[in-house]
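Colleague: One structure coming up, written as structure tokens, with questions to follow.
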Ligand SMILES: Nc1nc2c(c(=O)[nH]1)N(C=O)[C@@H](CNc1ccc(C(=O)N[C@@H](CCC(=O)O)C(=O)O)cc1)CN2
Ligand SMILES: Nc1nc2c(ncn2[C@@H]2O[C@H](COP(=O)(O)OP(=O)(O)OP(=O)(O)O)[C@@H](O)[C@H]2O)c(=O)[nH]1
Ligand SMILES: [Mg+2]
């Protein structure tokens, strides 16, 4: 519990129907009651809204409001809390806040209500972060992933695996504590079986959380290729708007152009780039080529565009081979024109790549292209069971999987169970950090600092 009482406007700034000011902390009720005059003399009752007028120091009416009190621990923060529902527009709520501050409250920091909810055990870190993601969500899918985590799905899944690891750790330790028995308490084979189950559960969870990251952060797609292949046309066709300049002159695009398209709830961050070539005309184009290469490195997926109405260039084949280790697609563009390159012959030259023949000009097969893009990074179907998780949480899951893997390897190599015990401990600590069990001050500060004031 915290000693001081915080106040903030929890609704957005500007004109609106209603603006909510929240007070949370031990003096919330006392401060609210000092600053408002209730319509009738009856005392405030938890979770019953009351009509009131808000008065300034001189007794002048500032606003006609609704007062909604909550009693600890039954509130969002788990503390005594009072909501003052003012009229919208910035002034009434601002004056209300000032009165609460002069009445003894302190201005809340960004995310401080949710931070208090976390500190008071009302939410764990995954749920607190889901609150942030819920506010940021730009698609129904992202919203669902946030709600699943807020409902505790990630908490439960992590908790179950954590408990199994705890049980395994305890059983190993019993064996280590009585070495005179000469046989381990838990046989290597059954330990390996159970660790394998844990590893699989972690892998499933990782897949769901990775989908959550994709839903929130999207996929960076670099549209690259030789000059005049139709990269900018493809960008425009996907966006269904004329975002980038298109001309028949090779070297039209110089700068990197970014735009976002949402497909199946996933923000696709499209990056159109200058045509990549060794034979540029001027310094501007040379810089453009440099930027295009940088965009390729930063992308989650590269789309290499080839003009199918022209004979195939060796440069195209070479560049596509260079992409072998990164997720990529090859787009054979201008399918509306007579083709000099067939999908089949190109596939034979670059068997490791998926080739899709499209027409940017006529909008042919663009849905297939989007579907393949999403498929490349999200794998199979986990999108509709996605859980909101931060990149940090995904990293912790990967760490836990690695630790369990190390333990399994030690067992396979016939090493002592004491080593496995260490790995199980490492995996447990990774999971604990997902839910915020380690109370890392800097991390908490970082996470809650990203919230808005009043949340
Ligand atoms: N006016 C208002 N709307 C809001 C919020 C809020 O704080 N105030 N929320 C803030 O983010 C969200 C709703 N989340 C909330 C979660 C728990 C409690 C709460 O008071 N829980 C108590 C009482 C439960 C009950 O009696 O129904 C508890 O769980 O014990 C309130 C809001 C979205 N809308
Ligand atoms: N027929 C046909 N023409 C296309 C298609 N896509 C692009 N073009 C034409 O090809 C030319 C080059 O298109 P851009 O989109 O500017 O090509 P780019 O790859 O962005 O070119 P740079 O920016 O110079 O690297 C333009 O004349 C387009 O109209 C297509 O699908 N079919
Ligand atoms: Mg272009």
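Just so you know, glycine gets a Cβ as well, placed from its N, Cα and C.
No curator has checked TrEMBL annotations; they are predicted automatically.
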Colleague: Please identify which of 228, 236 is recorded by TrEMBL as part of the K(+) site containing 247, 249, 252.
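Modeller: When TrEMBL describes the K(+) site, the candidate it includes is 228.
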Colleague: Of the candidates 83, 163, 164, which one does TrEMBL list alongside 22, 122, 455 as binding (6S)-5-formyl-5,6,7,8-tetrahydrofolate?
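Modeller: The record-listed residue among the candidates is 83.
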Colleague: When the pLDDT values for the domain 'TrmE-type G' (218-378) are averaged, what is the result?
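Modeller: Here the mean pLDDT over the domain 'TrmE-type G' (218-378) amounts to 95.
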Colleague: Quick one: of 231, 232, 249, 274, which binding-site residues lie within 10 angstroms of residue 22 ((6S)-5-formyl-5,6,7,8-tetrahydrofolate binding site), measuring between C-alpha atoms? Sequence order, please.
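Modeller: Correct set: empty; none qualify.
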Colleague: Please work out which residue of 228, 247, 252 has the most C-beta neighbours within 10 angstroms of its C-beta, and give that one of the binding-site residues.
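Modeller: Result of the Cβ crowding comparison: 228.
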Colleague: In whole Å, how far does the CA atom of residue 249 (K(+) binding site) lie from that of residue 232 (Mg(2+) binding site)?
Modeller: 12
Colleague: Just to be sure I understand the contacts, which binding-site residues have a Cβ under 6 angstroms from any atom of ligand 1? Candidates are 232, 250, 252, 253.
Modeller: none
